[in-house]
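For reference, the structure discussed in these notes is given below.
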Amino acid sequence: MADRLFGTDGLRGTVNTYPMTVDVALRLGLAAGIRFRRGQHQHKVVIGKDTRLSGYMFESALTAGLCAAGMHVIMTGPLPTPAISFLTRSMRADLGVVISASHNPFQDNGIKFFDADGYKLPDMAEDEIAAMVLDAGFSWPYPDSRGVGRATKIEDAGGRYIVYTKNCFPAHLTLSGLRIVVDCANGASYKVAPLALEELGAEVFRIGTGPDGTNINEHCGSLHPDVVAAKVREVRADIGLALDGDADRLIVVDERGVVLDGDQIMALCAQAMMARGELPGNLLVATAMSNMALELFMRDHGGQLLRTKVGDRYVMEAMRREGAMLGGEQSGHLIFHRYSTTGDGLLAALQILRIMREKERPLSELAGLLTPFPQKLINVRVEKRLPFEERPAIGEAVAQVEKELGGRGRVLLRYSGTEALCRVMVEGEHEDRVRTYAEDLAQVVERELR
């Protein structure tokens, strides 16, 4: 049942369309409250959101359900997803809740949960919550009238997060003299990200810091790095930072205006952490989408790359299991486990800036250590989510491309965990061939899964 409700990053969909409706949100609040109401202590929940107009109504619905279940709710207002993870830990809350659809347009929204340690919930916990929500006849074990929770707002949540991120930056270093362009996507980081960088001494040029409820991710943020790249060239900045709507993802632009993806940043950070002795087992965790060049880079530098399913939660699960300190996704989710329990765009930016400060070299030189194989990713909108093996034509097309790549490339097909899309990725040594292979495969997928 849970697969009808939760995807790879919580619940997500179009506002006022199932499952992103107020009644589902109310039941989610009730179910999560009951699931995490354990023991006799005062039960607390931290709720944050991004800047979407619909965030207000979902915040109210979730709060009502949680309070009805006996949980005390602490509302932070708009804050990055990793800030809610941090506050859940630091405030000793039982649960953290984020209302956001990340990089999606404002018409969408989503709900995801963190446990008391600041980690995203495992599938089993989500299954238990979903079972209660989807059971129309479920008998809710309400507390008596004295056991109902109350809701309060916390006014200094953003300041607490800024202090936390600054404490993850070496005390003997500053950002004085650096010119930084930061694009906050008119999202959750619109206040905290520029302030944190300015307090560390940087000269900050702001983009996407005027949210109006409907302009989140609109021609800005991590999905539009060309915007920050143009600004970097215009103001001759040292680096550009593009965050997504909930600021758990980061895309970086060097001083020339060249966009660097998550793989290039992971290579840079892994090398620095290995040199500092901060990467246990010289292990980096990434997903199936990461470029083959990253795998070869780690091997050539005495390290190893462990691949997981796509989704930063699966990266984090593998990091916990293996004791890894660095992991991430090509899309820009970067996890520094020494400091955080989830992807954090601002924290990742500070780790990159630390390397720039310590090396005193431009980012273009530092990031040049990884040359990715040409890779083409095509998103195909689909009506059916059938197992690929049930469509022989797809398997035959994949086999033909793999044969032509001759072991010097990869083909990956996967369904999006949050949208009605099939992602077709081809990687190889020759850009023109890679593009042709991907386009041909995408046509087959579209035809077979309509």
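Heads up, residue numbers simply count up from 1 along the chain you see.
Cβ coordinates come from backbone N, Cα and C, glycine included.
Sequence annotations record features per position, and here Swiss-Prot assigns active site, phosphoserine intermediate to SER102 based on sequence analysis. Annotated Mg(2+) binding site per Swiss-Prot: SER102, ASP244, ASP246, ASP248, in sequence order, evidence recorded as sequence analysis. Per Swiss-Prot, phosphoserine is recorded for SER102.
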Non-site residues, in chain order, whose CB comes within 8 A of the mean position of the CB atoms of SER102, ASP244, ASP246, ASP248 at Mg(2+): ASP50, PRO80, THR81, SER100, HIS103, GLY187, ALA188, LEU243, GLY245, ALA247, ARG249, GLY343, GLY345
The residue listed as 'active site, phosphoserine intermediate' and ASP244 (Mg(2+) binding site), Cα-Cα, nearest whole angstrom: 6
Lowest local Cβ density (other Cβ within 10 Å) among binding-site residues: ASP244, ASP246: ASP244
SER102 (active site, phosphoserine intermediate) and ASP248 (Mg(2+) binding site), distance between Cα atoms, whole Å: 8
